[in-house]
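Worksheet: the structure to be examined is printed underneath.
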């Protein structure tokens, strides 16, 4: 690609080239990213200026001949021109605000008449030419392209629509007469008509900016804004590929900067207690980068804010990250990228923070309202000390801004790799959505209208890779809202569809709302209440500070992962006290020790073998899914839709977290769409079944399979619970559907206790190297296995030495009840039968399998039942 100066010089030389004396030499400026709305904006602006104009109609037929475009131009009503067009050079403006503007130098040379055939491309053109000066004319063209069989089928119809309108076309009525839409292409071109020797590159830039200013009066400011982002990016990114995304405008400031993560309980549990972390407050401002560049001082946020100058003498660059209050022009720094020309991005936060205070002082020296955020280094794991630290930050009343949360910053990593978490009270947990008004006449039952409300759909951004790995689909009406070009990008909008509430993207906007005309805007919203088929959302504010990011075409509100992880705090609220004491209710929080390695591998192998039996099934339900220990096995099996049910909200939140972890770190041949339902399975089957059938897309006939791994002992308290389980499985399964249970076998446990003469409240133990590895505490008196209600305490590998109580599973009684409710027994098998297969699977693990491991494993079994 040539420089603009070189292109202008080449243009001027062409007129002295004798070989081109019979050619038409054209220098044109073309805008390649023009849609109907942009076209209409420029057209109406030029008409309003009453610039002299003419309208012309033509049909151009283009035929490829040896890599050249041979054209027949029919200028209506009768003139025919034959020529070939040859491009010589081009220059493309890099800033995204230029709408793909390209300066093209080409020549047209007359050729002999040629015969048209079916390979030609036909372009019908309705062109309005505005003579803005003696040097330039601006051409706005509505184009319809036809190829192949379309030419004979549609040429006459579109000729009538574009040219033969009921009234004579003028610049003032043409747009109304044609009533153009997505059927057409739209072109804006500027052609130079002055003396070649008078043209300069500055002239080209000036006329280009003239047109762009018609589209956006702030064009020059937007260009400066983008150049400022490029300057920041040049000090953060080393990858030329990523820098190219910034230069092209595909990435804006939000995609460039490391993002603060909404902290869930599962996140916090991974590094609690947060010793070594830094804590500060979350100000209710906007993200901004303060920059000293040469003599200029500015903040890059939702737009470019000039804060002043340093005087005549240029300074070495300083770049600070922080929160900005536009109304007061106040900056509160929380990180530093560069200080007086010294790049700090590879240092840990504990080192960067020292330069942050120095950078703030530089801003203050030029009378800029700037402060460093208050940081406390957490040095104690004592919950009482932690509580005081958090309270001193969150409940401080003397800050000059409102505080809506707490920020935790990880030490030891580079700027881009520093993990920064934010905690907010549930009420202040909000999400940013791109809001679109729902298209009419979709006839989708879930989009039922509500009197006094207008239905809008909520979208967030997602990468193409994550979209595929989560097996997502576009919601009904999507293709009417977003053009094909946007859907084919690597990052695009998708409806907000969290695993526990797939219809959360429906928003009924009150007609009486003070927020009007919200279509196409980014809104900050909070969840007020979850109704049966939609969420009652509340608008907090319109994110005017995100409108510029939206224009890049690479921002659509929160990222999908960020949005769903933030949403988890509605599912599983995270209290302020838990910051100090640690998250409560963490599901089986203890870790397994190394002595369980072989036995755990054996159980995993068996569950993998069982789940492979349902590979590629469409809908599978997991009862008591917990935190998703088997999620990877379902993904490996290629299950298309998985519904996980559990009463533990924290466990389900961890499952959703794992969903993203699997999608980003593991390779699976097939994608699985994951749904979770917070539900106590001891509640009436009818109520549970209704909730499952309300899941968006769940088939009326039911699921293909139900799986429950090591869970049903919780439902063996009484006969009513077992009956309820059988009824539930019958309601949720399609005819011929299968139930797959793994469980501790009550008869095997009782036999073990009898053999070892374990009485009431006594404990059977299996030791390894003097360490209790497995244990069962007898909590019942009866000598024979009862149908239900016999309780034991079990020492689990992840229970940190504590016994978990559960009921013995009388498998004969369980099978009897299921047969009574329309099921047939397919298979019942002990886990010990898989041990020989495990040996073939992994000889190394089999060798370290102890007798205690084998004894413990033999207590478990597998039951398969089929719905008649």
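Cβ coordinates come from backbone N, Cα and C, glycine included.
Counting only same-chain residues at least 6 apart in sequence, those with a Cβ under 8 Å from the Cβ of residue 282 (active site, N6-GMP-lysine intermediate) are 403, 404, 405, 406, 407, 422, 424. Residues or ranges marked as active site, N6-GMP-lysine intermediate by Swiss-Prot: 282.
The domain 'mRNA cap 0 methyltransferase' annotation in Swiss-Prot covers 594-868 and rests on sequence analysis.
Here Swiss-Prot flags 607, 624, 646, 710, 711, 712 as S-adenosyl-L-methionine binding site, drawing on sequence analysis. Packing around residue 607 (S-adenosyl-L-methionine binding site) is summarised by its Cβ count: 20 other Cβ atoms lie within 10 angstroms of its Cβ, all protein chains included.
Under the heading site 'mRNA cap binding', Swiss-Prot lists 627 (among others), citing sequence analysis as support.
Cβ neighbours within 10 Å of residue 658 (site 'mRNA cap binding'), excluding its own Cβ and spanning all shown chains: 17. Marked as site 'mRNA cap binding' by Swiss-Prot on the basis of sequence analysis: 658 (among others).
Annotation comment: Swiss-Prot describes 713 (among others) as site 'mRNA cap binding', evidence class sequence analysis. In the three-state DSSP scheme, residue 713 (site 'mRNA cap binding') falls into the helix class. Around the Cβ of residue 713 (site 'mRNA cap binding'), a 10 Å sphere holds 20 further Cβ atoms from the protein chains shown.
Residues annotated as site 'mRNA cap binding' in Swiss-Prot: 806 (among others). Residue 806 (site 'mRNA cap binding') falls within a strand when secondary structure is assigned with DSSP.
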Mean predicted confidence [pLDDT] for the domain 'mRNA cap 0 methyltransferase' (594-868):
93
Nearest recorded site to residue 711 (S-adenosyl-L-methionine binding site) by CA-CA distance, among recorded sites 627, 658, 806
806
From the Cα of residue 713 (site 'mRNA cap binding') across to the Cα of residue 607 (S-adenosyl-L-methionine binding site), what is the distance in angstrom?
17
According to DSSP, does residue 607 (S-adenosyl-L-methionine binding site) sit in a helix, a strand, or coil?
helix
For residue 646 (S-adenosyl-L-methionine binding site), identify the closest of the recorded sites 627, 658, 713, 806, judging by Cα separation.
627
How big is the Cα-to-Cα gap, in Å, between residue 710 (S-adenosyl-L-methionine binding site) and residue 806 (site 'mRNA cap binding')?
11
Based on Cα distances to residue 806 (site 'mRNA cap binding'), point out the closest of the recorded positions 624, 627, 658, 712, 713.
713
